[in-house]
Every structure is written in structure tokens, then in C-alpha cells.
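Copied over from Swiss-Prot:
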type	residues	note
ACT_SITE	Tyr152	active site, proton acceptor
BINDING	15-17, Asp36, 59-60, Asn86, Tyr152, Lys156, 182-187	NAD(+) binding site
Amino acid sequence: MRLDGKTALITGSARGIGRAFAEAYVREGARVAIADINLEAARATAAEIGPAACAIALDVTDQASIDRCVAELLDRWGSIDILVNNAALFDLAPIVEITRESYDRLFAINVSGTLFMMQAVARAMIAGGRGGKIINMASQAGRRGEALVGVYCATKAAVISLTQSAGLNLIRHGINVNAIAPGVVDGEHWDGVDAKFADYENLPRGEKKRQVGAAVPFGRMGRAEDLTGMAIFLATPEADYIVAQTYNVDGGNWMS
């Protein structure tokens with residue numbers, strides 16, 4: 001098992017991609033903290049995964065919550081070897097309809113949350129003297145703008161840039177910082193996304209999802225499980241020489 005004895009903190013992991021990562025890490029021998037703003041859901045997920053998982057409340061927009069989360073896990077495990085910054089928020093609107101509230105909320109979760117989670121965990125990793133792995137969740141939306149998701153695109157571009165800067169800054173401490181950039185990933189959130197696109201683009205419900213999947217060279221939308229291999233690899237010693245990179249895992253979407 002490639003992560004035997006390691007401890008991992010995954011934000012926003014009560015469901016979706018974060019949960020898939022947690023399950024994969026446990027299969028590889030790690031202990032995993034299911035950190036989520038929805039503590040009840042986190043507890044349910046941890047119970048389903050088994051004794052190698054624990055649940056912890058975390059609001060990445062609240063510095064006190066971040067500090068409590070890290071301190072609690074250090075008390076429980078003694079170290080945090082892997083951080084996955086997965087918590088994120090998606091929204092869409094034309095430029096002329098973007099609200100200050102939505103803008104601030106997306107940047108608070110997607111950018112500030114990523115930065116200050118990196119900071120808190122990196123401090124613990126440096127103090128522990130063992131280095132570690134930090135994996136940020138970027139997106140293809142961070143590589144190119146899209147008409148109705150301008151703010152989300154900007155937040156994910158910021159995550160890519162932060163990954164580069166943090167990677168260069170922290171490698172001297174033995175901390176590798178890299179990112180994964182998924183393309184379109186299917187999941188329960190897509191029902192709401194599809195409905196919003198339908199309203200803005202005057203499409204029947206389900207049509208945007210069909211269009212998006214058909215445009216992927218692989219032939220379908222991604223699934224959370226498609227990303228787990230990269231998430232495992234970047235957490236292993238095999239990735240020690242990889243620094244400040246963002247990896248596309250998108251079924252060829254970026255090249256299409």
C-alpha cells in the first residue's frame with residue numbers, strides 16, 4: 001500500500017471528489033480526516049469508510065476553524081502528511097449580473113481557503129520536520145475563461161498561481177505542492193449547474209450536460225474516480241521531484 005502509515009486531511013470530503021479521494025487513500029493505507037462544513041455528513045462518510053477515517057468540522061473561510069481543525073488532527077495523529085484542498089464553490093452568471101456577494105464568497109472559499117489551509121498545514125509540516133504533500137484542486141476553468149463562469153475561472157486561475165508560488169517556496173522544507181485540474185466531472189452538483197445553463201442559454205434541461213459530455217474527446221464527462229490515481233500518485237514518494245505543477249485529468253478536454 002503506497003500510503004501506509006500516512007495521515008491525510010481532505011477538505012470538502014463528505015461527498016463527491018473529496019470523498020472519492022478519502023476512500024482511495026484509505027485503500028492505500030492512510031488515515032484520513034473527512035473535513036467538511038457539514039459535520040453531520042462528514043460523520044456519516046467517515047462511518048461508512050471505516051475506522052481509518054475520522055470526521056472534523058471545517059469552514060475554510062474561518063481562520064479559527066482552520067486552526068482548530070489542524071490542532072485537533074495534530075493532537076489525534078501527531079502529524080499531517082498530506083493535505084488535499086478540495087473544498088470549493090461553483091457559480092455562474094453573465095458579467096453584468098455578477099454580485100459582490102457571490103464574488104466575495106467564491107474567492108473566500110476557492111482562493112483564501114486554499115491559501116490559509118496551505119499555510120496552517122505547512123507550518124505543522126515544517127515544525128514536524130518530515131515534509132509532506134499538498135495537493136490543490138484547480139480546474140480547466142483556471143486555464144481559460146468561459147462566458148458564464150468568469151469568477152469561478154478567476155478563482156481557479158488563482159489556485160494554479162498559488163500552487164506555483166507555494167510549490168517554489170515550500171520545497172526547501174520538503175513539502176511538495178502540486179495541483180490537479182479536472183475537466184467536467186459529473187456528480188449531484190451538475191443538476192443545479194445544468195438548470196442554470198438551461199435558463200441562461202435557453203436550453204432544455206439536460207441538454208447542457210449532454211453537450212459537455214459529448215465534447216470531451218474521451219467520450220464522456222469525468223467521474224470522481226477518474227481523479228483518484230493522480231491524487232494518490234502526488235501523495236507518494238514517487239512524486240518527490242514534482243514541484244509546483246498542475247496536472248490535467250480531463251479526458252483530453254484541454255486539447256480539444
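The backbone N, Cα and C atoms fix where each Cβ goes, and this holds for glycine too.
What you see is a predicted model, and the numbers here were worked out from it, not measured in a lab.
The structure, with features from Swiss-Prot marked on it.
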| residue | record | contacts (Cβ under 8 Å, 6+ apart) |
| --- | --- | --- |
| Arg15 | NAD(+) binding site | Ala41, Thr45, Glu188 |
| Ile17 | NAD(+) binding site | Asn86, Met137, Pro182, Val185, Gly187, Ala224, Leu227 |
| Asp59 | NAD(+) binding site | Ile37, Ser65, Ile66 |
| Tyr152 | active site, proton acceptor | Phe90, Asp91, Leu92, Leu106, Asn110, Ser139, Ala141 |
| Lys156 | NAD(+) binding site | Asn110, Ala138, Ser139, Ala141, Gly142, Ala181 |
| Gly183 | NAD(+) binding site | Gln140, Val216, Met221, Gly222, Asn248, Val249, Asp250, Gly251, Asn253, Trp254 |
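DSSP classifies Val185 (NAD(+) binding site) as strand under the three-state reduction. The local packing around Val185 (NAD(+) binding site), expressed as other Cβ atoms within 10 Å of its Cβ over all shown chains, amounts to 21. According to DSSP, Arg15 (NAD(+) binding site) sits in a coil region rather than a helix or strand.
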